[in-house]
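Q: Let me give you the structure first, and then I'll get to my questions.
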Amino acid sequence: MSDTFMSESEEEGGDFSASEDEWLPGKSDGKNKRKRNDSSDSEAVSDESDGHSEDDEITSKTVGKGKQMAKNNQRFHKSSEEEDDAVVQHDNSTPEDRKGRKLIAKINEASQAYVNFQDFTKTLETAKNHLESATKKQQQLTAGNAIDISSLLAMGEKSSTVAEKPVHSAKGTTSKSRKAAKKQAESDSDWEEVEEGAEPASTSRAETVQITLKPELAKQKKKKCTEIDVEAYINRMINREKRDAQLVLHKVTIIMGIAHGNFTNGVLNSPTLLAIGNALIPSERCYPNGRTNVQYFQQIMQYYREIVDLKDRRMFVNSWKRLTLEKSLRLQLLSQMANCKRDYILMFIILLRSIGVQCRMVTSLQVVPKVLSNSDLLKVVPAKEKMKVANDTKKNVESDHDYGEEKKKKAKASRKRKSSPVEIPQLDGADDTESSRSNRSKQKRTSAVPPDGNTKVSKEATKPIVKIERFNPKTRKLLKNPVLSTDDDESNNKTSSCNKLNLWIEAFAEEEQRWIPLDVTRGLMECVNEIVQQASTPMLYVLAWNNDGSIKDISARYCADYLTVTIKHRIMQQWMDNVLGPFRGGKQCAARDAAEDRELNRILEERPLPRTVAEYKNHPYFALKRHLLKFEAIYPPDAPTLGFTSGKEPVYARECVHTLHAREVWLKQARTVKMFETPYKIVSGRPKYDRSSGQMLPSQPLELFGYWQTDEYDPPTAEDGIVPRNAYGNVELFKPCMLPKKTVHLQLPGLNRICKKLRIDCAQAVTGFDFHGGSSHPVYDGFVVCEEFKDVVVDAWHEEQQAEEQRAREKYEKRVYGNWKKLIKGLLIRRKLQHKYNFDNLVQ
């Protein structure tokens, strides 16, 4: 090897190939011998690649000159084939030779890095081909709406494992060399390919690893954040407040009606009025002979109508505005003349009560509706409709402000259509053609001619006269109405509802044991239908005031649609019972009220079947299968039908509708399902939330059982001092009868600590469940222990309480004495400082 060649190789930075004897590296001491065989070529290459990490500079320069390295690679293969079996001689050369060999070794290491770089280039091309094929497959699957994730992952893993091999073998290459290699792989196509012996291994490795992912778990759709319509939300809040206020107003009007009835009934029981009413009876023979009956009420009502006159046929007339009700009734009784129908009815009640007849004042309360109509509520427009209206408005505005050529063309075309000539055929054959505008102008001119025939008028007098309406039609109609001058005229113009008969009488016939309705203004008896026709609608609350001041709700007797229509417009019956609770009758009239309740129930049962399907819903006596709730069923299955609807749907009695429960719910009611019972009904249960996965689990079938399929709960028995528990280590004590036998329930706080010290078995008692925080939580109340340990546990608990009180007292005393100690020390320090520094003589 000449000096010239060496200098060229140094300048080119490692573009050199030599024989096997020249480029093999040796040890520093010159005594290393190494053999190279055909079978160990790969090992030598790998050893050299691992040992050249310190020569990264030469490697980076080598990667920069690709074409020259390709030529050197060919010479390297040629020289390696000629001197494959050569033996490395001992290093007896001069220091200059050793220096040259060391340089040759570095150059050869760079050449080996280039060989590894070629392997990486080929592998990169293979991975690129795999990636293109995988991309095509993915596009095809996406077009067909089917993604095989497992195969896609397998292909990606296969290509990645193939690309990992050259990175491991060419450990000394830098990121800069990899980028340069990637650019060369795309641009240079005339490089020589090198065989890869490790490629089958990487392929087999990719085939052994498989990953399968579920599409629904691998990719979860993110919920879209919906925008809040503030206007709609505010309108809903306002409507909610309006509904609540309307319900409160409905209740207030009921209470006010009850209060007014109490006041009026108290006036009727006035002793003064009763004495005057008794004076109207001509003799003692007019008193009832024995028990009252319908015939006696007919006679006395006829007598009252003869001796007392009705002055005005209106329902209410306040003739004496400054007089109270009691004074007004007293004057009318003395004069035997009633001012209005209301006073006429009240005076007859006084007459009947004066002779000891059980007589009721019956009133139909006039209350405001419970529910507001849709016209009184704000309209809540959905967001979609708002967008549609906004788009339509925008289009209209754009069309109105469109001043382009198309708009002008449309305007010209419309004007042409409007001004099309009108042909008028004439008898003389003349062709008179005029536009509609000219005809209208002629008509205006002819109409503007004065009646005296003077055709000479000014231009202003032919102009059209436009009438300006300053009020809308509604206001104009109100202005045209005549002004009411007196109160009598105003009352005559009121609606007929003010003159409705909402006050009447019921008298108790002792022989028939029932209440008889009386219409004294018309002299009718047992006239329920006539009274209903004369009363105001709707009839919701009909209350009756007895002689003793008690109140009875008798709406079922007068409301024909009480079970279907009326009950939906009434307040909750529980609220009504609570309001009327203080005004219930005493023990004397308890039997009479019970008999009346039975009569009212019979009246309701005798009512015909509802006319529409909607009236069957929540009906207290009838039911349809379509209206059954989720946990309701008809038992027995072959229950008799009471009739059929117009659609041939069977009608069942409400008594046949039963509520079903699951096993756990029956257990809370101290009942257990019998053995080998078949569920009477199976429904889908409520979906449950799985905290581990963070998702709602699908609903599972839920078995429901009826009351007839259950038995009373038989509690277990405690044995050997052990309290029987459930699966959670507690005692289910939803009802007192569920207490295990031979145990006691002690509601003593902290009892479990005492039992633990005494080594006595103790279990918490679960008395129910509380729903808060999005889930149910058990409610614990006391502890359950065996009855033989009751006295020991209770005594120990009391001793523990005394000890706890003693500790609390000692703690309190220690705190008190500590505070006094601090105070005294502070005073002593203060006194000491005063004497030392003479604080008292200082002038402030």
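A Cβ is built for glycine as well, from the same backbone N, Cα and C atoms used for every other residue.
Sharing the features that TrEMBL gives for it:
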{"type": "COMPBIAS", "residues": "8-23", "note": "compositional bias 'Acidic residues'"}
{"type": "COMPBIAS", "residues": "40-57", "note": "compositional bias 'Acidic residues'"}
{"type": "COMPBIAS", "residues": "187-198", "note": "compositional bias 'Acidic residues'"}
{"type": "COMPBIAS", "residues": "391-408", "note": "compositional bias 'Basic and acidic residues'"}
{"type": "COMPBIAS", "residues": "409-419", "note": "compositional bias 'Basic residues'"}
{"type": "DOMAIN", "residues": "605-658", "note": "domain 'Rad4 beta-hairpin'"}
{"type": "DOMAIN", "residues": "660-716", "note": "domain 'Rad4 beta-hairpin'"}
{"type": "DOMAIN", "residues": "723-797", "note": "domain 'Rad4 beta-hairpin'"}
{"type": "REGION", "residues": "1-103", "note": "region 'Disordered'"}
{"type": "REGION", "residues": "160-207", "note": "region 'Disordered'"}
{"type": "REGION", "residues": "391-464", "note": "region 'Disordered'"}
Q: Find the average pLDDT over the domain 'Rad4 beta-hairpin' (660-716) in the predicted model and report it.
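A: PLDDT averaged over the stretch: 91.
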Q: Just to be sure I understand, if DSSP states are collapsed into helix, strand and coil, how many residues of the domain 'Rad4 beta-hairpin' (660-716) fall in each?
A: 9 helix, 20 strand, 28 coil
Q: Counting by DSSP, what is the helix, strand and coil composition of the domain 'Rad4 beta-hairpin' (605-658)?
A: 10 helix, 13 strand, 31 coil
Q: For the domain 'Rad4 beta-hairpin' (723-797), how many residues does DSSP put in helix, in strand and in coil?
A: 22 helix, 29 strand, 24 coil
